[in-house]
Amino acid sequence: MLNGQKEYRVEKDFLGEKQIEADVYYGIQTLRASENFPITGYKIHEEMINALAIVKKAAALANMDVKRLYEGIGQAIVQAADEILEGKWHDQFIVDPIQGGAGTSMNMNANEVIGNRALEIMGHKKGDYIHLSPNTHVNMSQSTNDVFPTAIHISTLKLLEKLLKTMEDMHSVFKQKAQEFDSVIKMGRTHLQDAVPIRLGQEFEAYSRVLERDIKRIKQSRQHLYEVNMGATAVGTGLNADPEYIKQVVKHLADISGLPLVGADHLVDATQNTDAYTEVSASLKVCMMNMSKIANDLRLMASGPRAGLAEISLPARQPGSSIMPGKVNPVMAELINQIAFQVIGNDNTICLASEAGQLELNVMEPVLVFNLLQSISIMNNGFRSFTDNCLKGIEANEKRMKQYVEKSAGVITAVNPHLGYEAAARIAREAIMTGQSVRDLCLQHDVLTEEELDIILNPYEMTKPGIAGKELLEK
């Protein structure tokens with residue numbers, strides 16, 4: 001059928017009929033969904049598209065295993081799914097990721113694209129559903145309520161693999177920086193006030209340790225994602241799914257995805273509850289909370305360059321101002337802060353969406369997976385950019401840090417065991433009021449000798465457990 005300059009085909013469902021552009025692979029249900037949900041302007045995440053193709057391929061293979069699906073139809077479905085996994089036809093997934101219907105629109109988008117491509121493979125025209133139907137054949141033994149959660153599990157696990165690799169690389173650079181800066185002494189601060197000396201390497205080692213815990217937490221959070229509810233069909237009872245099909249489809253899912261997937265031991269539970277996603281999201285939130293704190297530290301230590309702390313230098317990535325010539329901003333650290341705000345907000349959305357489930361199904365999974373996959377993706381992209389464009393190039397301004405240590409009254413803490421708290425406090429106060437150093441005041445008041453102060457006020461020794469100048473107390 002021609003309509004103006006375009007050629008169309010007509011498809012029907014129980015609500016009526018619609019004209020579909022003849023060359024597209026999606027069908028009437030996808031078109032209805034795209035008209036109903038023009039929400040975000042975003043596309044379905046490519047890992048979610050691939051995960052849906054994996055599910056459809058596994059289901060076709062399992063249905064052929066149990067002789068429910070004719071071999072010719074099944075192999076055409078498998079080939080169409082493989083083409084999607086090769087990167088083809090992704091532009092045919094047009095429904096908005098945020099949608100009503102618990103993911104039915106996304107599932108039908110996959111069914112129709114795979115179905116119409118399979119029809120072509122079999123030598124038929126798109127939309128000629130008498131030979132192969134998106135619902136009857138591509139969706140055989142399935143419901144959106146097991147297809148969609150299973151695809152969420154697979155896509156999330158795939159993205160987490162990439163994120164964890166990026167985090168391991170970032171952790172390695174933090175460890176390298178900790179070693180590089182191990183001999184660099186700086187002033188430690190609590191309440192943003194001078195405390196006692198610390199090594200810059202110790203601070204970076206602390207960053208590497210918290211990141212190490214985050215990696216471990218995220219790895220552990222994947223545990224329940226390996227359990228899928230494929231075979232649950234509508235409410236977890238497995239209606240219309242052959243028991244042997246259920247066994248085979250999980251086996252094929254594991255083989256195709258390369259993931260150690262297993263069938264959930266209670267399909268009703270696995271169909272109605274979404275705590276596996278909130279567990280992952282919580283670990284991402286904690287990670288970004290920690291990374292944002294690190295970014296705050298880096299921004300503060302790099303403040304200046306003339307009128308701030310200027311203890312470290314961050315790589316200059318771009319001009320920082322449209323009005324102030326020469327200004328450079330800590331844009332990569334600021335990036336981490338903003339990713340943290342987004343991930344923390346996404347986690348709140350995921351919690352609310354998980355709580356909103358009712359009875360046998362959580363219909364809010366579309367907004368849940370949209371935010372979960374976004375969190376993982378922006379963390380992966382952000383960490384990679386931060387590592388390459390900032391972390392690797394951080395330099396220590398040793399001269400500046402040495403000056404701060406020498407000028408600070410905080411080193412009086414090392415003198416405390418030798419003079420007593422009250423006497424040490426008087427010297428500290430005088431140092432703050434007069435601007436003189438603790439060393440000069442101790443000599444001025446004749447409370448310690450030059451040689452004793454060399455031992456007690458050795459800044460490197462102050463960064464290790466013990467009492468500075470302990471041997472002097474034992475005389």
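Here the Cβ of each residue, glycine as well, is placed from N, Cα and C on the backbone.
Ranges compared are 100-109, 130-139, 320-329, and Swiss-Prot records region 'SS loop' for 320-329.
Lys327 (L-aspartate binding site) is surrounded by 11 other CB atoms, counting those within 10 A of its CB over all protein chains shown. Here the binding-site residues are Thr144, Thr190; the one with the fewest Cβ atoms within 10 Å of its Cβ is Thr190. Restricting the average to the region 'SS loop' (320-329) gives a pLDDT of 77. Cβ neighbours within 10 Å of His191 (L-aspartate binding site), excluding its own Cβ and spanning all shown chains: 6. Residues near Ser321 (active site, proton acceptor) in space but far in sequence (CB under 8 A, at least 6 apart, same chain), listed by position: Lys327, Asn329. Sequence-distant contacts of Thr104 (L-aspartate binding site), defined by Cβ-Cβ distance under 8 angstroms and a gap of at least six in the same chain, are Thr144, Phe148.
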